[in-house]
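These notes are about the structure you will find just below.
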């Protein structure tokens, strides 16, 4: 559960409506793979991840980023029940994919960075604080099934 004030909820909703989620997802995942190269080990099947330009132009990175942002959007629609919303994804990433749960926090930070880039001056410090709460809540929900 994420506790947002009414003003924070309004800011998140308003700004999210301005976002091209296809672009944000691919860019956020791409940045994660560039900035934290050890995360590439989870994406062996994605082909060329040899450089920043290869990663940022990789169609599989962009496609998976779109899936990530689609799930994130689902979380935005269920802020009061994030653990339930992300239960199956948490289980998948824990039991089958064996993803280090710290990576969820890192990806959340990449999402916030990309939002700042795309939204410019509209992404005020208060809006950033609200989105940081959201990505922290999503990261916690995704890590919920870890033992």
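Every residue, even glycine, has its Cβ placed from backbone N, Cα and C.
These features come from Swiss-Prot:
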- 2: N-acetylvaline (MOD_RES)
- 3-147: domain 'Globin' (DOMAIN)
- 18: N6-succinyllysine (MOD_RES)
- 21: phosphoserine (MOD_RES)
- 45: phosphoserine (MOD_RES)
- 51: phosphoserine (MOD_RES)
- 60: N6-succinyllysine (MOD_RES)
- 64, 93: heme b binding site (BINDING)
- 105: asymmetric dimethylarginine (MOD_RES)
- 124: phosphothreonine (MOD_RES)
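Annotated features, which come from Swiss-Prot, shown on the structure.
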residue	record	DSSP (3 states)
2	N-acetylvaline	coil
18	N6-succinyllysine	coil
45	phosphoserine	helix
51	phosphoserine	coil
60	N6-succinyllysine	helix
93	heme b binding site	helix
105	asymmetric dimethylarginine	helix
124	phosphothreonine	coil
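Taken together, the residues in the domain 'Globin' (3-147) have a mean pLDDT of 91 on the 0 to 100 scale. The shortest Cα-Cα distance between residue 64 (heme b binding site) and any of the modified residues 18, 21, 51, 124 is the one to 21. In sequence order, 60 are the recorded positions from 21, 51, 60, 93, 105, 124 with a C-alpha within 10 Å of the C-alpha of residue 45 (phosphoserine). Within the set of recorded positions 51, 93, 105, the entry lying nearest in space to the residue listed as 'phosphothreonine' is 105 (CA atoms). For the recorded positions given as 18, 64, 93, 105, the lowest number of other CB atoms within 10 Å of the residue's CB is seen at 18.
For residue 45 (phosphoserine), the Cβ neighbour count at a 10 Å cut-off comes to 6, with all displayed protein chains included. For the pair residue 105 (asymmetric dimethylarginine) and residue 2 (N-acetylvaline), the Cα-Cα distance reads 15 Å. Of the listed modified residues, namely 21, 51, 124, the sparsest Cβ surroundings within 10 Å are found at 51.
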